[in-house]
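Asks: Okay, handing you the structure first.
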Amino acid sequence: MENTRASLMFKTLAVAAIGLSATFVMLVRDPSDTLFGGGYPELWRRTGLAGAPTRAAACIFAGVFLLAMGWLYRLLFAPLELLRGVDEVGYIAEDGRSRAQAANEVRRRRKTGELPPVYPNGWYRVLDSHMLERGDVKSVTVLGQQVAVFRGQDGKAYVVDAYCPHLGANLAVGGRVVGGCIECPFHGWQFRGVDGRCVKIPYADKVPEFAKVRCWPSCEINGLVLVWFHCDGLEPSWRVPEQSQITRGEWVYRGRTEHFINAHIEEIPENAADIAHLAHLHTPGIVSGVDLRYTNSKTWEFIRHDWKVEWKPEPEPNKHCSQMLVKHALTVFGRHWPLLDLDVLARQVGPGVVFLLFEHSFLGRGVIMHCVTPVEPLLQCVSHTIFYQSSIPPLVPKFILRAECIQFERDVMIWNNKTYISKPMLVKEDSAIQKHRRWFSQFYSENSPRLRYQHDTLDF
């Protein structure tokens, strides 16, 4: 809400500035007289630039000024929105190929390995709350399924299968919200969001009992709309905890990033237990970028990130949770800068949600919610949404999110080009990786979907 009010205020000021500029240019015979007094514009008259050209110059100046103000506003106040495409990060375009061609080639040639089930049981993000206004309908692909996510006039968010059981129209494409129901754009059938039952067929005398669309168990918490998946249709056995500072409005939305990763879902959270990779992949300063061919360039080797990490699972009743404790230090020219030390608690809740909690003496407190949602068996949508203390200037959390994004995209380059190894060659210092795999296996059931090979094709 705070960002919405700021945006509306800026738009109002921008419209007022444009209107005043236009009135000024139209009504003043020579704007340069008014702007600079009677003496300075004499040069304009002698060179023939008085009148219309001066008005044009004033318009250009006003336009440039407004553009600069808009850029400054976005930099200082607007949330950071950085959304990457499927082939935008982690692929090397060589020999005249585009990134898309390189990505397709990698996916086609990569050995998939012996994979765990592709859709673990748990809670998954489908949308951020601010993306779904009252009366909105969104089409989302999650866990290989098309769903329609809509917000009823009662303000509640609902998730149902996208395809109408009548004749298969997509409820999210042209469908509209009526009260707490979604109306099919094809024949006007209306389905209740709370249970999926059809409550109205415009041309039928009676609505049959069997007329219903699948309704996904869902909840809205911490600024996220989440759905529950269990391969056997079981009800949720645990909940995603509430971050009370978000609910009370003490921490406000400051931005999000979104990436698509071509890998098995388990590979992404497994990074938390892969302690050794931090020293090799994430030590170079963020100024050295994300392309792993150049991150160890001598140009930027004077900046280093140093990490101390511990990963551990939580005991009952929170066995579905784990924790990674991170201590970060920055060195420049070999000198430690203690004011930039940062302690982070990364708490994973189930297979798809991680809370990255920050606390710093002068940079303030906040959380990045790291969410992994399977789109297809080997395609994950990963979002990072940051909420931060409202009293801290937005530039601070935006910088933190941008820095985290740079480090994350280094991992993306690895994930997008690696294969899953079910029996990896590990040394004793890698013991946390095996512990993590045993912990993560609790989210699989006997009937969890698997990827199968048939005649060199993937059949799901």
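Note: Cβ is positioned from N, Cα and C throughout, glycine not excepted.
Straight from Swiss-Prot, here's the annotation block:
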type	residues	note
TRANSMEM	8-28	transmembrane segment
TRANSMEM	60-80	transmembrane segment
DOMAIN	123-227	domain 'Rieske'
BINDING	CYS164, HIS166, CYS184, HIS187	[2Fe-2S] cluster binding site
Asks: Pop the mean pLDDT for the domain 'Rieske' (123-227) in here, whole number is fine.
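Replies: A mean pLDDT of 98 is what the predicted model shows over the domain 'Rieske' (123-227).
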Asks: Enter the number of other CB atoms within 10 angstroms of the CB of HIS166 ([2Fe-2S] cluster binding site).
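Replies: The answer is 16.
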Asks: Which ones in the same chain are close to CYS164 ([2Fe-2S] cluster binding site), with CB under 8 Å and 6+ residues apart in sequence?
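Replies: Those within reach of CYS164 ([2Fe-2S] cluster binding site), by Cβ under 8 Å and sequence separation of 6 or more, are ASN170, LEU171, CYS184, PHE186, HIS187, TRP189, PHE191, VAL213.
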Asks: Counting every protein chain present, what is the number of Cβ atoms, excluding its own, within 10 Å of the Cβ of HIS187 ([2Fe-2S] cluster binding site)?
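Replies: Summing over all protein chains shown, HIS187 ([2Fe-2S] cluster binding site) has 14 other Cβ atoms within 10 Å.
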Asks: Determine, for the [2Fe-2S] cluster site, the additional residues of the same chain whose CB lies within 8 Å of the mean position of the CB atoms of CYS164, HIS166, CYS184, HIS187; present them in sequence order.
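Replies: Close Cβ neighbours, site residues excluded: PRO165, LEU167, ALA169, LEU171, PHE186, GLY188, TRP189.
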Asks: Please give me the CB contact count at 10 A for CYS184 ([2Fe-2S] cluster binding site), counting all chains in the structure.
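Replies: I count 25 other Cβ atoms within 10 Å of it.
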Asks: Using DSSP, tally how many residues of the domain 'Rieske' (123-227) sit in helix, strand and coil.
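Replies: The composition, in the requested order, is 3 helix, 49 strand, 53 coil.
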